[in-house]
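These come from TrEMBL:
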type: ACT_SITE; residues: 380; note: active site, 4-aspartylphosphate intermediate
type: BINDING; residues: 380, 381, 382, 468, 510, 533, 564, 644, 645, 646, 761, 767, 791, 792; note: ATP binding site
type: BINDING; residues: 380, 382, 788, 792; note: Mg(2+) binding site
type: DOMAIN; residues: 37-91; note: domain 'P-type ATPase N-terminal'
type: DOMAIN; residues: 123-241; note: domain 'P-type ATPase A'
type: DOMAIN; residues: 814-1059; note: domain 'P-type ATPase C-terminal'
type: TRANSMEM; residues: 261-284; note: transmembrane segment
type: TRANSMEM; residues: 315-334; note: transmembrane segment
type: TRANSMEM; residues: 926-948; note: transmembrane segment
type: TRANSMEM; residues: 963-982; note: transmembrane segment
type: TRANSMEM; residues: 994-1015; note: transmembrane segment
type: TRANSMEM; residues: 1035-1057; note: transmembrane segment
């Protein structure tokens, strides 16, 4: 069986031409044909980054691309090769530790991705081979295999439908795992297919083009069909679902970029210090007698060494001596903080959903702090904002509003709420018949016996749109039940339990341009009627204008309440009118050229002069707390963009229901409809509208309020922007490159001044294009994308932070996301609480490390200005300082600190703005913390030097040496930085107490232990009994205590005497010592 697939129609409007010839069932090629079997990829889906074989080299390559890691690798090699004053252990051990911790973390996260991939790739499927059914793993499917899929199973690859168990050779499919839509889509078998697929006795060749109606996409689910057989045409990473994924790129947080910028400053300082010291060394040695004193004569090898080589090695020695300026241990702590901190999201009980019995999932812990910096949120609509579960709310018939009353009443379920209590027999029944007949709904087949048929109230319906099912069920509540379609006859059970038969003559299908659909039916009485339903803007111009005013008020009110509204109209067709319409429709459907245009012309001709009956209001139920979540995000200063493939009216009503659009919001619409209104060329009209909207939303807008850190003003919140996919393509891909750039800038400026933006009729890759455009705009704002389906994967991968929602069906979005949550409502706590706290914690962690570096750098520099060679501290102290003595308190702080309690963060979304734009890691706070460290370092150095002005500090007159000097300074240093962190801690737990006081106790114990034993592996016992002798001096005790108090006294006074201001002063005051920045908004 040969299948020539000439054109593959990509229903996302991103055309991909792919011609391939497939031998179905892998039959041998006929001898008279020259055919080289092409190689196709297997059916594996890969979302992981590493394999067992490439993990080590690839991971090491990625890690050594970091400036700090590569720098310490060079320093370590220099220490090994060149004779330097410090041991290679001082840089090698921390480097090995950070590389190992990072590799373990990234390996664990990638193992979770492998585990998720294996669930898909190892899924058992049925394949027909040589007339036998064989169970295979999904990854072993090859192009050309005939695959059998049963009801409620997902398609393992892209299939062409060959055979269906249904008599009409169709099958029904839901794409909830792809786009979140739970409605049933109809697909058709390829015509004239051999039914006996198991034997494959007949060879048939199709030469016609196959369309999307024959293609079953990977990830979709078979519904209301017992089983189908299809041939695999696209597998693995060539399936449409995989092609809509964009390549994975390494995501780096704004904090990491700030750290690299700060490190470059310190690297410049380090190189400068090494150059100055090398120069001064050779200037000093140039003096007579200094180059080779009598006590340090040069060897012959040293005399023969090239001068420039010796200068270079001396420069490297100074680099090694001062290498503590670059804190490699900060990277260790940051990696551990990110990895361990991610578990707090996983463990959060508020994220647990009892329905699916799962909580949140963290796929990438590198972006925890980025959750606190989000400026733009891009969200899908169907399945993310809404449940895609429609419910009939009310209707309006002849100007009167009716709501359903559960209890029986004198109106048989109707409740007239704004009109006289009268029984409108004619209009009511005509309206309900219209709802029962004007649709493409089918009654769901029952596999059980007729005796066990469900009652009418629980009858199952399937349709291509959930709106139609809601309307049919709404009519059923009021006594008119649709029984099904048999042989072109539609059966209705009326209020009197009589079955009415209508012959279905024509269906005028819905399309997004007309925005309406109609049916032509013939009653038993012989009357021919046309029933039409559609959007109000599409129906009102085609009915009598005196009927419109009675309905318009209800439609507008329902629309502003977030309901999806449809108007219903009808028309009697006499024999001549029907004959003319019938002939026109048949002729247009048989046309080989311009078929769509001809059909449209006939539709428009028939659908005129109708009578308006009424209107319906259907609610697309929002996700739990969707409106409150969107309101909180906007209150936090985030811009929310809705990106959906749905039609504009539906998406607009959802935006109203989610409070993204308010009643006073002026909507700026840039769609195909508005481009065609002016009667000009589309591009001219596009340019005109962009300029008009730019003037209205940007130029005429009030100026941004001073002191607001964001790029928008809270006072200008009365514009909403709507654009569709076709118009967006014109904006991004204009015929002129200069125009395209100008359109893009105008478009972005308009959107940035709007409260919310709605992008409808979007293809998956267009969603990613929008995210990329905003991400690369001026200021490089932090973006977040959230979705639940496979069509959201591309924008999830493109955004700085990608979040997947764990739906009931399909996990493509979850597997490719950075974070996964069960419900949309959990996004509020994830950003406003977890994101806020993670950012503040890691920002303080980074500032704290640069504060420590500033301290050690200051007094070591001063000491080296007097003694050109030799370290101030013992190598053991240098190694243990950042690994053991001061690492655990800051790690505990960065995991547990809550400067503002979570309840306050959730109640006051505006607090999120205070850390916007990486506010705590700008150059101001960086300089403050660095200068604070330098000040403390100077204080320690001159304080201890003043003590040493009288070297006889012990009772027996024994003097203190240089190692005692360094040990006293180091003791003050360790106690000060630890107690400084204790002063900054606002949320104390037993862990904080344990690590802070335990670290100080460990330092004292280690100093006694290290200096109290003669270690056989040490060449020099530098600290032998130095610490014990130091503590035997009262003067040393006094200096240590005084220096610690003097250094921390300003901090203590600041905490005690600062008067907090503002409505949330008690909670906010705690953040001030962390960031040292004045927030004007708070005042």
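Heads up, the Cβ atoms here are built off N, Cα and C, so glycines get one too.
Feature annotations (TrEMBL) mapped to structure.
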residue : record              : Cβ contacts under 8 Å, 6 or more apart
510     : ATP binding site    : 465, 516, 517, 534
564     : ATP binding site    : 390, 467, 617, 618, 619, 620, 649, 650, 653
792     : Mg(2+) binding site : 380, 384, 764, 767, 785, 786, 804, 813
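Long-range contacts of the transmembrane segment (1035-1057) within its own chain (CB-CB distance under 8 A, at least 6 residues past either end) are made by residues 935-936, 939-940, 943-944, 947, 953, 968, 971-972, 975-976, 979-980, 983, 1073. Across the range of the domain 'P-type ATPase N-terminal' (37-91), the DSSP-based residue counts are 27 helix, 0 strand, 28 coil. Cβ-based neighbour count (10 Å, all protein chains) for residue 645 (ATP binding site) stands at 25.
A Cα-Cα distance of 17 Å separates residue 761 (ATP binding site) from residue 788 (Mg(2+) binding site).
Burial estimate for the binding-site residues (382, 791): highest at 791, by number of other CB atoms within 10 Å. Ranking the recorded positions 380, 788 by how many Cβ atoms sit within 10 Å of each one's Cβ puts 788 at the top.
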